[in-house]
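Peer 1: Structure provided below as structure tokens; questions to follow.
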């Protein structure tokens with residue numbers, strides 16, 4: 001047998017080859033009629049592959065001695081195992097009208113072998129010199145991949161002295177020439193020429209693997225290892241994948257240690273041949289003698305199979321395969337489809353699925369619903385011009401400290417295998433997108449993936465999003481909308497895919513969220529970033545006795561009983577299968593849903609332009625696209641193939657509760673209300689037939705101690721009502737001031753009574769009141785608002801207190817109504 005450039009017979013290896021060939025011929029499953037690996041040959045023909053995948057559990061069941069020999073000395077027996085596979089293929093290719101795997105035109109074509117399902121999965125830290133040459137499986141996260149290059153496997157060399165040709169010189173992980181010419185009269189040892197046409201090359205790729213976060217001991221940095229991929233398994237592992245590599249550990253020369261400047265450069269001064277001759281210095285001549293001169297080696301892993309740890313179906317939550325082609329639907333077994341249909345038929349299934357999201361966190365149903373829709377996502381579309389329309393949903397959570405924001409991010413990063421969790425404060429622009437690094441061996445520049453690239457077809461969770469620097473926030477603008485990353489550095493110009501959903505968490509600027517201010521004043525995020533989020537949720541930590549009791553009871557129960565305290569309707573595995581099945585659906589918009597979408601968008605735009613209303617950010621076309629994505633995600637959650645109007649209405653409700661609910665904060669005016677009931681309003685102000693009052697004062701809240709002591713009821717109105725009345729009064733006072741300035745006659749301010757009468761008449765003309773009682777309550781609120789604007793906010797000032805009447809019982813009332821009010825010159829309308 002020919003091996004390693006010489007002729008010798010390895011009897012043990014030959015026996016292993018024969019036993020393995022017998023295994024391929026005879027092994028059958030329990031109820032199978034034909035041999036298992038004859039069926040594997042059919043699969044190889046169908047995919048035009050030259051790699052035979054062997055389940056190592058089958059080898060263990062067939063012959064224990066064979067599995068022990070392969071496990072202990074895999075590197076020694078690997079050429080013989082490949083030869084056994086080739087013999088098996090050659091035997092099976094005759095006698096049938098099938099396309100042969102090895103044709104007559106290429107009889108020297110090799111069959112590669114790939115083992116999987118190794119019982120003992122090693123950790124990356126456990127790989128040492130004791131594992132060299134053994135068959136091992138190791139799991140890690142791919143962080144960098146090189147380009148695919150040709151590698152010389154077996155070289156054919158020509159002797160430059162005598163012209164003799166030496167074939168099949170196997171390369172020992174470095175450029176290996178024949179030791180000596182086979183011609184007995186030549187004795188050449190160094191002068192060789194490589195015949196590339198007769199040599200054997202294969203595809204080669206180097207992958208950088210890093211141990212998973214769960215395997216890193218406390219206080220340690222993550223270890224990394226280079227993995228060598230050959231043949232058909234190149235490009236099977238992408239950056240960000242959690243992968244199981246099966247292969248063996250080898251020792252390879254450390255190029256970096258040999259080429260470090262000033263450390264191991266060897267020089268030799270030859271003796272001068274003549275008296276006046278000068279010495280000649282000779283340094284390192286290249287990499288031909290690599291590993292010979294220096295005992296500098298490092299460990300690497302040569303893989304023969306690549307297997308995604310959690311299954312490609314769960315990794316690719318975007319329902320796109322490795323090549324990004326989403327035309328093929330995933331295949332599901334009948335049992336899986338029956339289970340999904342059973343979950344769909346459970347009463348109130350949608351709320352139960354929402355409750356199954358992050359069960360350790362109590363409440364926050366809206367945020368859990370948003371995370372579910374983000375996991376489902378919308379339908380990815382491509383226009384005729386080739387423009388990609390984003391189907392991924394971005395969610396931002398803004399809230400006070402200790403509101404479980406990070407818990408939601410950790411849960412989402414854990415349920416989706418292809419996900420990245422990072423912190424905005426410690427992440428740079430290059431760390432989030434991509435950076436250009438230099439290859440240590442070749443010196444060429446390559447692209448190293450950042451967090452968004454590692455989360456391609458997954459979810460990127462960014463905590464402390466508001467703590468990022470401005471220059472780093474700008475870097476993710478393109479990734480959030482176009483879902484690409486453009487790089488022009490070091491002579492490399494590339495556009496990379498970053499098809500990821502972003503789940504971000506941010507804290508308010510003042511430590512606590514101020515409900516009296518819009519979102520843009522509470523979060524240090526520019527409008528360009530905020531508009532790219534489909535949903536923005538506010539989490540406010542307000543004391544509430546009932547809610548606090550349930551939260552405390554839930555947390556104590558989780559600490560006491562651990563998993564027993566959590567009883568979600570569906571387990572995490574069931575939830576993953578349901579999401580995977582729902583993502584295989586591509587719902588289409590119906591004509592009725594289209595009409596509802598257009599009407600809803602017009603209504604939202606109208607509300608954005610109405611004076612006195614304050615939304616989190618401007619309504620743009622991005623919000624219309626967000627409505628479409630949310631509607632498609634809701635249709636997927638119901639396993640519908642058509643988007644119905646009910647789905648659109650639910651999406652509109654979600655959008656409103658996420659970005660407009662911030663306005664519904666309350667303003668307490670109990671300290672500013674007057675003792676009277678406002679009965680001095682002219683009688684003609686309660687006429688007309690108006691409809692329902694827009695924002696009535698809330699009288700059913702808990703009593704305020706100070707108000708109770710003085711015999712007053714608590715007066716609470718909505719923030720929207722407060723802002724609307726404030727802006728109307730200020731605008732009226734400004735108009736009056738401008739008219740007085742223009743005419744040059746009269747007082748610059750208005751009487752408080754005249755101002756109140758003007759506002760009530762304006763509202764009455766619009767049909768805002770249905771009874772005299774509502775008018776009285778409105779006047780009471782306006783008086784309290786004016787008092788707050790004067791005493792606390794300082795937006796209004798009193799020019800003249802007015803003349804006090806002689807009657808004692810009406811003095812205070814008429815004095816309050818007769819005082820002259822004006823706008824503070826320093827106040828600017830927002």
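Heads up, the Cβ atoms here are built off N, Cα and C, so glycines get one too.
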Peer 1: Suppose you had to name the range Swiss-Prot annotates as motif 'Arginine finger'; which of 519-522, 523-526, 527-530, 531-534 would you pick?
Peer 2: 531-534
Peer 1: Swiss-Prot tags one of 671-710, 711-750, 751-790, 791-830 as region 'Disordered' - which one?
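Peer 2: Checked against Swiss-Prot: region 'Disordered' maps to 671-710.
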Peer 1: Suppose you had to name the range Swiss-Prot annotates as zinc finger; which of 159-186, 187-214, 215-242 would you pick?
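Peer 2: Of the candidate stretches, Swiss-Prot labels 159-186 as zinc finger.
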Peer 1: Three states by DSSP: which one describes residue 405 (ATP binding site)?
Peer 2: helix
Peer 1: For the motif 'Arginine finger' (531-534), give the DSSP counts of helix residues, strand residues and coil residues.
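Peer 2: Secondary-structure composition of the motif 'Arginine finger' (531-534): 0 helix, 0 strand, 4 coil.
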Peer 1: Could you tell me which of these binding-site residues, 399, 401, has the greatest number of Cβ atoms within 10 Å of its own Cβ?
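Peer 2: Result of the Cβ crowding comparison: 399.
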Peer 1: What kind of secondary structure is residue 400 (ATP binding site) part of, going by DSSP in three states?
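Peer 2: Where residue 400 (ATP binding site) sits, the three-state DSSP reduction gives coil.
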Peer 1: Which whole-number mean pLDDT does the model give the domain 'MCM' (349-555)?
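Peer 2: Taking every residue in the domain 'MCM' (349-555) and averaging pLDDT yields 83.
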